[in-house]
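Participant: Here it is: the structure, laid out below.
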Amino acid sequence: MSMVLFASVVRVGDGLPLSASTDYEQDRDLQETKRHLKALSRKLGQFPDRCTLKSGPYNVNFTSSLGVGYLMVCTANYPNVLAFCFLDELQKEFIVTYDTKRISGAVRPYSFIEFDTFIQKTKQRYNSPRSLSTKINLADMQTEIKLRPPYQLSPEDLQAINGFSMHLPSKYKAPTQMLEPVALPGIVSCVLSVLCGGLNLLRGVHAIESILQNNDEDFNYVIAFFLGTAACLYQCYLFAYFSVWRNSKSFLAFALICLSNMYLYELRNMWQILFHVAVAAFMTLQIRLRQPLGKAPDYNV
């Protein structure tokens, strides 16, 4: 029989248990799986925000968001989509019920034990497959898991959990985050950004030729042109692919383009400088507007 057996809420930073469901099961395999869950809860920060660990006849699933981790143990044949819908409900209710300041200030284990009532009720609903209430967000979660599947913890990861290693194995790669489809303004901004990068590269090459012919030429102009080229192309990369701190990186690239053009004011007229800055600003806006499809840490599509 497929069912949810146990769930807990922990603080990611130090693994402090905040709340948990009541458990009366004495099965040896289940107790072993719960030991894995307890060890995992102390190292959630080392893993992606959505993972699955297979432990014999049971699975451990967890998600983390805003410094709080939500873990559960279920039978191995329990549907993966329902498991993460269950965790999603715990996450939403916990965030609404308790503010971040109170969570970070908790010093005793199970400081929010009253949340156990909600965990128990939710567990009962998700252990009734025919219950319509468990299928409210099923389609959304199916899409989310398809786009950004949970990372499957390996035996090497399990060794790290149990204390043999404090780091992830080198083969670990985070799940790829997909972005929204490209719109026409995004295509235009990419073309213009590549054009600006090409112009900077061409001017940089000409500046090198000028230096070789005339030793009195300023080599810093070459650096400014090439930095402008790199920043334009990097903005195109940020637009095309997901990256951590993506918006901040695009803003830094925009600032670099502005600074390089300010330095080149003697070699460019005002209209040329405005064109390069405007294209960079337009590209920065398009990067900000093109959001991930499965935007972490929220799991709503």
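Cβ atoms here come from the backbone N, Cα and C positions, even for glycine.
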Participant: Among the residue ranges 81-99, 271-289, I'd like the one that TrEMBL describes as transmembrane segment.
Facilitator: 271-289
Participant: To which of the residue ranges 56-76, 182-202 does TrEMBL assign the term transmembrane segment?
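Facilitator: When 56-76, 182-202 are checked in TrEMBL, transmembrane segment belongs to 182-202.
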Participant: When DSSP states are grouped into helix, strand and coil, how many residues of the domain 'Longin' (8-119) land in each?
Facilitator: 48 helix, 30 strand, 34 coil
Participant: What mean pLDDT score does the domain 'Longin' (8-119) have in the model?
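Facilitator: Its mean pLDDT is 86.
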